[in-house]
Amino acid sequence: MERAIKNFLSQESAGGILLMVAVALAMILANSPLAGVYQGFLATEVQLRVGDLDIDKPLLLWINDGLMALFFLLIGLEVKRELLEGALSSVAKASLPSIAAIGGMVFPALFYLAFNYATPETQVGWAIPAATDIAFALGIMALLGNRVPVALKVFLLALAIIDDLGVIVIIALFYSTDLSMTSLVIAAVSIVLMVALNKKGVSSILPYGLLGFILWVAVLKSGVHATLAGVIIAFCIPLRAKDGTSPSEHLEHKLHPWSTFMILPVFAFANAGLSLTNMTLDSFAEPITLGIIMGLLLGKPIGVLLFSYLAVKLKLAELPPGIGWRHIIPVAVMCGIGFTMSVFIASLAFEHSPAAYGDYARLGILTGSLLAALIGYFWLAKVLPETGEKHETH
């Protein structure tokens with residue numbers, strides 16, 4: 001189990017660095033003479049047609065609806081494993097990161113709404129600062145090497161996974177529109193068949209993959225966001241087969257490199273290209289921008305810390321062995337690195353809004369996430385010992 005966690009953390013760390021490169025490249029292209037080529041490439045129409053089935057979308061939406069469904073499939077597999085056998089498999093293990101994650105979602109949303117109370121049309125973005133980017137956060141933490149206690153990394157990992165689960169619920173409840181009953185019925189039948197396969201002990205991934213594709217198309221056409229299909233598929237794939245092997249973990253290990261080194265960097269490259277042409281210092285004072293920055297930079301750490309502190313004081317949870325509040329505080333700041341998931345929610349929230357809203361959101365996400373990364377890194381570096389020695393609680 002410890003080796004699996006270390007492998008996961010090392011991949012996520014490398015992914016965080018690759019994400020930064022993808023963001024930088026997108027920003028350079030969006031603000032260069034090649035900006036038109038960059039935008040035109042993302043707007044390229046891509047069509048999939050089989051009989052009466054016709055899916056015709058710009059490349060950007062194929063990335064956001066298709067590739068990100070695979071990313072959410074991976075998140076679903078991780079959540080299921082952690083719930084059944086890992087860091088969230090008991091009340092004692094799950095209490096602190098679960099309670100901390102709730103605070104880390106509630107407070108950023110409140111901060112955002114506080115800055116957008118006078119503009120109802122922008123309030124739809126309340127969930128944007130509620131997310132934590134697991135790859136970026138672990139990537140920043142990894143820069144400190146073995147100075148970081150494994151228990152602290154696992155705490156951040158568990159908190160971020162629960163955070164992702166919360167984001168999935170938010171997307172399902174608040175960002176699904178114009179529902180098609182026919183598509184929902186097809187989706188329901190697909191789910192029932194996958195559950196039946198699970199109950200029958202079918203461990204081959206192929207039938208789940210075929211039914212999963214049907215589910216993805218049905219959800220895509222239903223008005224519910226297509227990425228949720230990935231999570232549903234994950235929860236239907238058995239964790240343990242009759243012969244003791246784990247189809248779920250096998251698929252998770254297969255997907256991890258693709259997610260880390262292809263899916264998330266491609267998503268970042270496609271969504272982070274913020275043109276600064278029309279941006280001024282006044283852009284930072286826009287309610288959307290300010291709400292997101294304050295939500296990520298203040299709302300996240302305040303929520304995580306306050307709820308963690310109350311949970312410990314009320315004896316609902318305990319700090320991990322060898323970990324003190326001086327460690328938790330900078331990690332709470334790092335939770336404000338919301339990049340990938342925040343950009344994704346922003347693309348849903350402002351899908352039918354003026355383009356400027358999306359630009360302000362990306363400006364807020366990039367600024368807030370960068371500041372959270374820098375402050376969290378230097379703060380954690382200051383409280384950790386110079387070498388990977390024994391960590392004492394203070």
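Cβ from N, Cα, C; glycine included.
Record features (Swiss-Prot):
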TRANSMEM  17-37  transmembrane segment
TRANSMEM  59-79  transmembrane segment
TRANSMEM  95-115  transmembrane segment
TRANSMEM  124-144  transmembrane segment
TRANSMEM  154-174  transmembrane segment
TRANSMEM  177-197  transmembrane segment
TRANSMEM  213-233  transmembrane segment
TRANSMEM  261-281  transmembrane segment
TRANSMEM  287-307  transmembrane segment
TRANSMEM  328-348  transmembrane segment
TRANSMEM  363-383  transmembrane segment
As a test: from 59-79, 95-115, 363-383, pick the stretch that has the greatest number of Cβ pairs under 8 Å with the transmembrane segment (287-307).
95-115
What residues in the same chain, six or more past the boundaries of the transmembrane segment (59-79), come closer than 8 Å to it by Cβ-Cβ distance?
41-46, 88, 161, 164-165, 168, 212, 216, 220, 225-235, 237, 248-249, 251-252, 255-256, 258-259, 263-264, 266-267, 270-271, 344, 347
Does the transmembrane segment (177-197) reach the transmembrane segment (213-233), going by 3 or more CB pairs under 8 Å (6 or more apart in sequence)?
yes
Need a quick answer: max count of Cβ pairs under 8 Å to the transmembrane segment (261-281), which of 17-37, 95-115, 124-144, 154-174, 328-348 is it?
17-37
Is it the case that the transmembrane segment (363-383) and the transmembrane segment (154-174) have 3 or more CB pairs under 8 Å, with pairs at least 6 apart in sequence?
no
At least three Cβ pairs under 8 Å linking the transmembrane segment (124-144) and the transmembrane segment (17-37), pairs spaced 6 or more in sequence?
yes
Where among 95-115, 154-174, 213-233, 328-348 do we find the most Cβ pairs under 8 Å to the transmembrane segment (17-37)?
328-348
